[in-house]
Amino acid sequence: MKLDGYTRLAAVVANPIKHSISPFIHNRAFEATATNGAYVAWEIEASDLAETVANIRRYQMFGINLSMPYKEQVIPYLDKLSDEARLIGAVNTVVNENGNLIGYNTDGKGFFKCLPSFTISGKKMTLLGAGGAAKSILAQAILDGVSQISVFVRSVSMEKTRPYLDKLQEQTGFKVDLYALENVSELQARIVESDLLVNATSVGMDGQSSPVPESINLPETILVADIIYQPFETPFLKWARSQGKPAVNGLGMLLYQAAEAFQLWTGKEMPTEEIWQSLTEKYQ
């Protein structure tokens, strides 16, 4: 990597963030596309967020990525939001357009890009969970023309989830159906009608647990996806594959959300196949 007086910076901002794989992805991409850039990880306190955002302009950076807990906190410091960032209410990418700071959320786009030969337009989706990742998938699905969405959360989270879905309906006219995850007969009924089943919860990170009971039967044509990539094969994915269904983990989402951000910053396509190779070797 060449560093000189013309090198432009990009960074991922979060707390904690030192474990992040984003520098690996983006620095590979800068190198492969002969872009004079460098990507670093900044672990900051909340009190430093305004100053950090000001530094994007000050140092003429490409921009930044954001992770927890700053995806929502950053919004007041930006000049403009993209449609999906406004719907989600969270930003994971800030682009410096000649001193104008524009907030995007590339998580949902990254998720749908990583699904092999699948488009969500006109399809039905069952989504488990309603946290940050789920919201980005929800909003992107609506923007991309999904026909029906059933969201399942634990019954204790129903009340907390409803206002966001009401706000989505207000902004888009699209009604999302909400159910309790404990209602197994409803879960089975919705899954049978679905083209896509997504686990957007953290259940399965321990390598032991699954968000759905094994007694659930999957329909003939369904794609199953998990946003988790460590472990590489969660019990949820193992269960789907045991029923002969195509199933993808969350590593592709991580790569393709980064590719979307890279294109917004540089105008260049990230060489995803090359980087995917390195990532799978690292995590498999």
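Yeah, the Cβs are placed from backbone N, Cα and C, and that goes for glycine too.
Listed in Swiss-Prot for this protein:
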BINDING   Ser20, Ile21, Ser22, Ser67, Asn92, Asp107, Tyr229  shikimate binding site
ACT_SITE  Lys71  active site, proton acceptor
BINDING   Asp83, Gly129, Ala130, Gly131, Gly132, Ala133, Ile227, Gly250  NADP(+) binding site
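Feature map: annotations from Swiss-Prot on the structure.
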residue: Ser22; record: shikimate binding site; DSSP (3 states): helix
residue: Ser67; record: shikimate binding site; DSSP (3 states): coil
residue: Asn92; record: shikimate binding site; DSSP (3 states): coil
residue: Asp107; record: shikimate binding site; DSSP (3 states): helix
residue: Gly129; record: NADP(+) binding site; DSSP (3 states): coil
residue: Ile227; record: NADP(+) binding site; DSSP (3 states): coil
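Comparing the binding-site residues Gly129, Gly131, Gly132, Gly250 on other C-beta atoms within 10 angstroms of each C-beta gives the minimum for Gly131. Neighbour density around each Cβ, counted as other Cβ atoms within 10 Å, peaks among the binding-site residues Ser20, Ser22, Asn92 at Asn92. Shown are the binding-site residues Ile21, Ala130, Ala133, Ile227; of these, the residue with the fewest other Cβ atoms within 10 Å is Ile21. Of all the recorded positions given, namely Lys71, Asp83, Ala133, Gly250, those whose Cα is no farther than the 10 Å limit from the Cα of Asn92 (shikimate binding site) are Lys71. It is 21 Å from the Cα atom of Tyr229 (shikimate binding site) to that of the residue listed as 'active site, proton acceptor'.
Cα separation, Ile21 (shikimate binding site) to Gly250 (NADP(+) binding site), rounded: 13 Å. Pairwise Cα distances among Asp83, Gly129, Ala130, Gly131, Gly132, Ala133, Ile227, Gly250, the recorded NADP(+)-binding residues, top out at 24 Å.
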